[in-house]
Amino acid sequence: MTPENLPIERYDDQLAEKTARLKTLMSPFTAPEPEVFRSPVSHYRMRAEFRIWHDEDEMYHIMFDQQTKQRIRVDKFPAASELINRLMSALIAAIKPEPILRRKLFQIDYLSTRSGKIIASLLYHRKLDDEWQQQAEKLRDDLRAQGFDLQLIGRASKMKIMLDQDYVDEVLPVAGRDMIYRQVENSFTQPNAALNIQMLEWALDVTTGSKGDLLELYCGNGNFSLALARNFERVLATEIAKPSVAAAQYNIAANQIDNVQIIRMAAEDFTQAMNGVREFNRLKGIDLSSYNCETIFVDPPRSGLDDETVKMVQAYPRILYISCNPETLCANLETLQQTHSISRLALFDQFPYTHHMECGVLLEKRV
């Protein structure tokens with residue numbers, strides 16, 4: 001596979017290989033058959049990052065081969081959304097003749113939405129000045145005149161210049177309801193929108209008929225907690241990154257949801273608060289004891305859950321665990337299976353043609 005050529009004819013084979021690998025990993029835990037969710041075979045990534053290569057008068061996007069570290073020119077990128085592909089060529093063509101915009105530009109990051117909005121972040125190895133901003137505003141206006149609903153951002157060491165705003169608002173149809181999600185530049189968002197919708201709908205399905213409240217750790221911009229709010233009386237969610245918390249608060253208001261409370265703190269600190277180990281100022285006014293959380297939702301980083309958090313989640317009757325790394329999920333399951341059994345298992349092909357797997361498990365307390 002090269003960046004410009006996806007092995008589309010191998011899509012079914014690679015998905016079957018992942019399914020078999022997941023079954024093998026899950027075999028010690030008497031898991032049910034995985035529910036398998038397919039990705040679009042191309043144009044599935046809503047984000048992409050490219051280095052920029054300068055060769056005399058030429059300038060183009062590049063990526064590096066993961067094995068050989070060789071430089072690969074990328075003029076089209078079928079893994080990314082069609083909108084990203086269109087902007088890639090238009091942006092390079094517009095920047096190339098402009099020395100002020102070209103000089104020491106080393107990377108471009110793209111973030112697009114299904115709703116037709118896109119952010120391009122231009123990263124430089126130099127300080128950006130008023131002259132750069134004037135040229136960037138002209139560039140933005142020219143590209144908007146070509147039909148791009150574009151936000152343009154300049155970045156350099158300890159510098160960030162927003163010409164307008166640093167976010168786009170995405171709209172995802174989730175189980176019959178349009179959900180609005182503010183996505184902030186340089187913050188985590190799910191890269192594969194089609195699979196994100198399927199993950200949200202699967203999470204809704206497995207929590208249908210839930211009793212009590214939901215606790216979520218690592219909630220990001222509220223991706224799961226807002227979609228799941230309709231299945232629970234109340235949702236209490238934690239997130240450490242400030243921009244993500246701000247986006248989550250906006251998303252709560254935009255979706256007119258009144259039963260979600262977001263707390264800005266690390267999952268490890270929240271574990272201490274729940275266990276009564278110590279008190280935190282940012283929890284003032286929130287009565288944790290008033291929540292009746294029968295279900296806990298976790299979507300941890302690749303490293304999985306730390307030992308203390310694993311112990312904490314074992315106290316809940318139901319655990320919904322979304323994992324971007326089945327190996328660390330299995331390490332956590334070694335402990336979780338002592339108290340819980342897996343009732344649902346899903347494979348989400350977020351990253352086709354790579355070894356990466358996203359999966360979900362619903363664990364229910366053993367009687």
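Using the three backbone atoms N, Cα and C, a Cβ is placed for every residue, glycine included.
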Of Q190, Q261, Q272, residue recorded by Swiss-Prot at the S-adenosyl-L-methionine site of Y218, N223, E239, D299: Q190
D299 (S-adenosyl-L-methionine binding site), number of other Cβ atoms within 10 Å: 22
Sorted by sequence, non-Q190, Y218, N223, E239, D299 residues with Cβ within 8 Å of centre, S-adenosyl-L-methionine: F188, E216, C219, G220, N221, G222, F224
Per-residue Cβ crowding (10 Å cut-off), top of recorded positions E239, E358: E239
Mapped DSSP class for N223 (S-adenosyl-L-methionine binding site), helix or strand or coil: helix
